[in-house]
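What follows is a set of notes on a single structure, which appears directly below.
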């Protein structure tokens, strides 16, 4: 049985211990409804601590996230980036709209924007809504200025979205779904078709339940995250500016 830990044969730089990433959290009006500014800030800090715990398993470098900004939006502001359809948020169009919305944050621009929504997500295809989705992000979209956005459901103020955000951050840093092939536009990307990374094993990047494995990334995913980070200038992975 393959280990849940990073295999020793994977390439690594022994001197590169940690990649620090700046994340701006955007909490929509349904997500922070009934919460004070202090409460939503405290909630997000605990939320992202739980996400970071799931990334502790990564190594050389260990990928960790620092919240540098928490934005709480109003319904009026959300009209400029949330694509609504019959009460649902359509994530694909929403992520495309994020480019214009985030131009206002060009000073100390973060590595990634994460939208936490208290609304249900649904994709619109051929006039039909598919509700079997809880988040979306572009594979390898982090550290860019045009695709560094992720969105995930999180309702009830009970951290239900921790798994969804972890999954979407996996995408942003180079992981496809377990069982899928390589992303050809990412140099050195291998994909996740190794038998050890079969979706039936239920790791984080699988849609299937895997018991304790749902807290772990597959070997293939960790390999592609390390590859993605190795393609980035290290100075972009170490800068931190705080603005809560």
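Easy rule for this one: first residue shown is 1, then count along the chain.
Just so you know, glycine gets a Cβ as well, placed from its N, Cα and C.
As recorded in TrEMBL:
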- 111-241: domain 'Peptidase M12B' (DOMAIN)
- 167, 171, 177: Zn(2+) binding site (BINDING)
- 168: active site (ACT_SITE)
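Structure with TrEMBL features highlighted.
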| residue | record | Cβ contacts under 8 Å, 6 or more apart |
| --- | --- | --- |
| 167 | Zn(2+) binding site | 135, 152, 204, 205 |
| 168 | active site | 114, 135, 136, 137, 150, 151, 152 |
| 171 | Zn(2+) binding site | 137, 138, 139, 140, 141, 150, 205 |
| 177 | Zn(2+) binding site | 192, 199, 205, 206, 207 |
TODO: Enumerate the residues of the same chain, 167, 171, 177 excluded, that satisfy the criterion Cβ within 8 A of the mean position of the Cβ atoms of the recorded Zn(2+) site; list them in sequence order.
DONE: 135, 137, 139, 168, 170, 175, 176, 204, 205
Open item on the list: Going by DSSP assignments with H, G and I as helix and E and B as strand, what are the residue counts for the domain 'Peptidase M12B' (111-241)?
Closed with: 38 helix, 21 strand, 72 coil
